[in-house]
Amino acid sequence: MQLAPPLLSLDGPSTSPKDWSSWRKTSSICTLIVMTFALTATSTSYSSSARHIMSDLHMSQELFVLGISLFVLGFGVGPLIFGPLAQAFGKRPVYFFSYVLFTAFCFGCSEANNSASLLCCRFFAGSFGSTTLFLTPGSINELVEPRHQNRVACFYAFAAFLGPSVGTCISSFVDEGTSSWRWNLRVMAIFVGFTTLLCFFFVEETSYPTSLKTISWRRTIISPFVILFKDPVVFLTSFYLALLYGYMYAFFALFPLVFGEIRHFSPTSLGLIYLSLLVGGLEYYVKRKYLDKKLQPPPEARLVQGLWATFLPAFGLFIFAWTAPFPSVHWIGASVGMFVFLLGAYISFICLIPYLVIYSGPQATAALTAVMVTRAAFATGWPLVVRQMCDKMTVQGASSFLAGLTLLMVPLIWVLYLKGAQLRARKLDETSGPNGPLRSAVENSEVASSATVKEEAA
């Protein structure tokens with residue numbers, strides 16, 4: 001068997017990016033995290049200029065919300081296109097050139113003269129920017145030692161999951177201060193352009209490119225859908241995470257109704273309300289260092305924190321439902337509901353995504369793509385329908401309905417925790433047979449992991 005040539009390293013003959021200097025690894029990882037934050041912040045910053053955009057471009061409420069949905073729809077389209085390109089040419093050129101185009105379309109949004117051009121630019125911006133969402137976990141895996149990956153992944157998840165709330169809060173002040181929706185979008189475009197420059201100088205290649213001829217484009221595009229609909233674990237996990245992610249984007253269409261029209265908050269005060277979506281993730285990160293020490297080697301141990309957290313999203317939605325639409329109830333009640341919701345959703349993501357990677361084995365890339373496509377589909381649809389749901393069912397009725405759907409998914413993490421070993425064994429039998437090399441490799445890695453933990457504990 002002919003092995004691929006080693007990666008070039010300025011630090012010496014080592015072929016592994018894990019052996020690079022701390023500066024090289026840290027600069028690459030931090031840049032990718034900032035790029036991810038720029039993407040997710042840009043996805044919703046546009047919502048702060050709703051009044052000005054709808055007035056200047058003569059857009060209806062539904063057409064304006066479509067701008068958020070199309071941007072998130074690009075998150076599902078991008079992996080299908082750029083995944084094979086990253087295999088063929090490496091991750092670094094895909095990161096850089098996709099973000100050059102991402103920057104260009106962000107500026108295109110700020111200079112749009114009609115609704116059609118604005119919506120088109122929003123879709124392409126989301127598609128080109130999506131590369132950091134699905135390639136960064138692989139880069140982290142190639143750069144960071146396994147014992148430190150959870151901590152780094154927590155920073156990445158923070159940027160990916162909480163960027164929308166921070167972006168909306170900041171952009172609300174920009175929009176209020178400039179009274180120009182174009183400058184709001186320009187500021188975000190400038191920020192994206194800055195991260196593109198950081199990418200050029202600090203992000204390095206971590207994987208050796210594969211020959212373009214050896215890549216099956218058809219298989220790359222179809223395999224995520226095959227594993228999504230054939231594997232019940234992947235399907236249910238994708239559905240649950242998509243529900244949570246879709247709800248988060250639905251709030252960016254729901255908050256202007258609840259806090260703007262019902263409670264009559266100013267635009268800047270409304271922007272600060274979005275920080276309730278941020279605090280939940282911050283609170284969990286503070287605990288993360290302590291919780292990491294309690295993890296055990298089996299993959300199911302990653303789900304322990306999710307056993308109690310899986311109740312929180314539904315609980316938070318019920319709190320929001322029966323406090324937010326009533327002006328006589330203090331607004332802090334709705335913020336507490338959002339805090340509880342996001343805390344549970346964030347922990348669920350942190351627990352389920354690493355578990356899904358281990359469970360899927362050699363099909364991990366397809367499984368993660370399936371999760372991302374499903375998340376994008378739900379996040380595209382929920383903002384478009386949530387306003388109509390509130391009009392027909394009232395805010396409390398629609399929010400309670402969403403909470404009920406979430407409550408139905410509570411048993412998922414418990415089943416994975418209790419039956420995970422059997423499910424993984426069956427998965428290994430399907431992919432490599434009971435005595436195949438994959439099963440042996442996994443068993444050996446778990447034994448090695450147990451030994452490492454015991455040594456560190458001693």
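Cβ coordinates are placed from backbone N, Cα and C, and glycine is handled just like the others.
Because TrEMBL annotations are produced automatically, they should be read as predictions rather than curated entries.
Taken verbatim from TrEMBL:
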COMPBIAS  440-451  compositional bias 'Low complexity'
DOMAIN    28-423  domain 'Major facilitator superfamily (MFS) profile'
REGION    430-458  region 'Disordered'
TRANSMEM  23-42  transmembrane segment
TRANSMEM  63-82  transmembrane segment
TRANSMEM  94-112  transmembrane segment
TRANSMEM  153-173  transmembrane segment
TRANSMEM  185-203  transmembrane segment
TRANSMEM  233-259  transmembrane segment
TRANSMEM  265-286  transmembrane segment
TRANSMEM  307-325  transmembrane segment
TRANSMEM  331-357  transmembrane segment
TRANSMEM  364-385  transmembrane segment
TRANSMEM  397-418  transmembrane segment
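The stretches the transmembrane segment (233-259) and the transmembrane segment (23-42) do not meet in space: the count of Cβ pairs below 8 angstroms, excluding pairs fewer than 6 apart in sequence, stays at fewer than three. Ranked by the number of CB pairs under 8 Å to the transmembrane segment (153-173), the listed stretches 63-82, 185-203, 331-357, 364-385 are led by 331-357. Averaged across the domain 'Major facilitator superfamily (MFS) profile' (28-423), the predicted model reaches a pLDDT of 83. Residues 62, 65-66, 68-70, 72-77, 79-80, 83, 130, 133-134, 137-138, 223-228, 231, 234, 237-239, 241-243, 245-250, 252-253, 353, 356-358 of the same chain lie 6 or more positions beyond the ends of the transmembrane segment (364-385) yet place their CB under 8 Å from a CB of it. For the transmembrane segment (63-82), the list of distant contacts is 42-44, 46-47, 50, 53-54, 94, 98, 115, 118-119, 122-131, 133-135, 220-221, 224, 249, 252-253, 369, 372-377, 379-381, 383-384, 387: same-chain residues at least six beyond its ends, Cβ to Cβ under 8 Å.
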